[in-house]
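**Q** Residues or ranges marked as Mg(2+) binding site in Swiss-Prot: D81, D123, K124, E489. Residues or ranges marked as [2Fe-2S] cluster binding site in Swiss-Prot (evidence: sequence analysis): C122, C193. Per Swiss-Prot, N6-carboxylysine is recorded for K124. Here Swiss-Prot flags S515 as active site, proton acceptor, drawing on sequence analysis.
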Amino acid sequence: MPDYRSKTSTHGRNMAGARALWRATGMKDEDFKKPIIAIANSFTQFVPGHVHLKDLGQLVAREIEKHGGVAKEFNTIAVDDGIAMGHDGMLYSLPSREIIADSVEYMVNAHCADAIVCISNCDKITPGMLMAALRLNIPVVFVSGGPMEAGKTKLANHGLDLVDAMVVAADDSCSDEKVAEYERSACPTCGSCSGMFTANSMNCLTEALGLSLPGNGSTLATHADREQLFLRAGRLVVELCQRYYGEGDESVLPRNVASFKAFENAMTLDIAMGGSTNTILHLLAAAQEAELAFDLRDIDRLSRKVPQLCKVAPNIQKYHMEDVHRAGGIFSILGELARGGLLHTDVPTVHSPSMADAIAQWDITQTRDEKVHTFFKAGPAGIPTQVAFSQSTRWDTLDDDRENGCIRSVEHAYSQEGGLAVLYGNIALDGCVVKTAGVDESIHVFEGTAKIFESQDSAVKGILADEVKAGDIVIIRYEGPKGGPGMQEMLYPTSYLKSKGLGKVCALLTDGRFSGGTSGLSIGHASPEAAAGGAIGLVKDGDKVLIDIPNRSINLLVSDEELAVRRAEQDKKGWKPVQPRARKVSTALKAYALLATSADKGAVRDKAMLDG
């Protein structure tokens, strides 16, 4: 019998009590010779990306047990950022990532599980489970709930998503009837919101990290093909257990799959597909858990050489995740990157000996396997539903046009510089992040006048009250991991700037973060944050700020001497907002803030404080 971790709680006379309890869960004599595989589910009726997951854990469990494992399912929490947005609920979103990671670690270690299947989907759940998997370093397979179908309405000639509903709601020229129509049409099915927002970005990145199956990030939640991903995950995790525990093959462990090279691959993909800036935060956090020295400097280096090969909503209205899938999904983007010499193809995945082998099998422009071609023809049915695997619609053709299609070749890239950039300067000494895919080229270099707000709420009020003018740089500070606390998303301020016609004539800088739905010159993750003594806390109304994306710089046009004077004054006052905010900060949030690092460290806990 292999030397399973679970033997700690299943073997030996002194474990009679534990075995009695295992038996009470349904285990038989023969089960104590099998690997115990945890299924970390995240079903909840609060979140459309998770509302359909209730029965999927047991679907995986049956497949695990059919192939020789013992499956034990548990649940963790899931916060819907869209529902939590615009009020104090957003303070809990990023901290929930740490709770999710902890809860998975607690359950798996407390019960000595041998492996995990992580059933995630939305914004903080995939990152939280990824952090846990890399902490635990036992065999794992990720399988997410899948993306939502894009919405449709006669009032628009393009697919709709959540951001469209938010933008029209903030546009005074839109009638109540139009707003209501968009609201009812934007989110028609279960699944993670239909554009390249944070949830879908992260689920795509698990493919590049090598920890999930091909199609995980792009196969629609409603499509029957997605069921096969769950079944394959159940079979695969048993195989990984056999390889590790039975054969001593450590190459299957998460830290050996998600190596430094794999993190570079994931970030390269993120840049190429114009993913959410939140993915940077989460990859940095995951790298910390894997004990990898992967940081913003590495991301900056990659951002300078990786072109943008895919453009999806919110960066363009024409394409949503269903279109990415039709174009071959993530492995077609990885294939183009590989042909451009931009990908490490020698790294393993949980399903293939190497990324090169996986690309050869799954890239629609390389493979001749008709089953693969059929798989990527899976499309939307256009029928509102909250039921997984409820339709089997297929496109007649694939989108394999690498010159003008959804996915482009390196030679025909949307732009030769990728969709994300890291900026440094005296206002963000440790860096800040911008999603260049959503920035109009006319404002890649922008000098503006600082307009200071010390909370997201006050910024929203100011924008809606027309206090922000063309040429302003809206600065929202004390919204970082420690200062918020919780590093709120700033989707409402950016959406309202857009609805006011200021999207191409203003910028926004914050130590908070942005939704994957953000577009415009929106710069987040300013590090160090204001609450940690960052220079963003020294900016005054009327100061000039120069943003230079091509040169990767952002600077407050104030002398070093003046900044030193301001810093001394701020040290005396304390690094906190001038006016108290009407914000209830619970004990749980205060505990999070106490240990939170700035965004350049992934906003993870400060281990130095824990180690004393």
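Heads up, residue numbers simply count up from 1 along the chain you see.
Using N, Cα and C of the backbone, Cβ positions are placed for all residues, glycine too.
Help me picture these features in the structure, burial and contacts included.
**A** Secondary structure from DSSP puts D81 (Mg(2+) binding site) in a helix. Packing around D81 (Mg(2+) binding site) is summarised by its Cβ count: 28 other Cβ atoms lie within 10 angstroms of its Cβ, all protein chains included.
According to DSSP, C193 ([2Fe-2S] cluster binding site) is assigned to coil rather than to any helix or strand. Other C-beta atoms found within 10 angstroms of the C-beta of C193 ([2Fe-2S] cluster binding site) number 31, with every protein chain shown included.
K124 (Mg(2+) binding site) falls within neither a helix nor a strand when secondary structure is assigned with DSSP, and so counts as coil. Within the same chain, residues at least six positions away from K124 (Mg(2+) binding site) with a Cβ under 8 Å of its Cβ are A78, V79, D81, S93, L94, S96, R97, I100.
In three-state terms derived from DSSP, S515 (active site, proton acceptor) belongs to neither a helical nor a strand segment and is classed as coil.
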**Q** Around the Mg(2+) site formed by D81, D123, K124, E489, which additional residues qualify by having Cβ within 8 Å of the site's Cβ center?
**A** V79, A84, S93, L94, C122, T198, A199, N278, S515
**Q** Measuring C-alpha to C-alpha, could you say which of the binding-site residues C122, D123, C193, E489 are within 10 Å of S515 (active site, proton acceptor)?
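**A** Of C122, D123, C193, E489, within range: D123, E489.
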**Q** Go through D123, E489, S515, our recorded positions, and report the one whose Cβ sees the most other Cβ atoms within 10 Å.
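**A** Top count of Cβ atoms within 10 Å goes to D123.
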**Q** Within its own chain, what residues at least 6 apart in sequence put their Cβ under 8 Å from the Cβ of C122 ([2Fe-2S] cluster binding site), listed in sequence order?
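**A** Sequence-distant Cβ neighbours: V47, G49, H50, A78, V79, D80, D81, G145, S192, A199.
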**Q** For E489 (Mg(2+) binding site) and C193 ([2Fe-2S] cluster binding site), what Cα-Cα distance in Å is obtained after rounding to a whole number?
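**A** Distance between the two Cα atoms comes out at 16 Å.
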**Q** Taking the Cα atoms as reference points, how far is C193 ([2Fe-2S] cluster binding site) from D123 (Mg(2+) binding site) in Å?
**A** 10
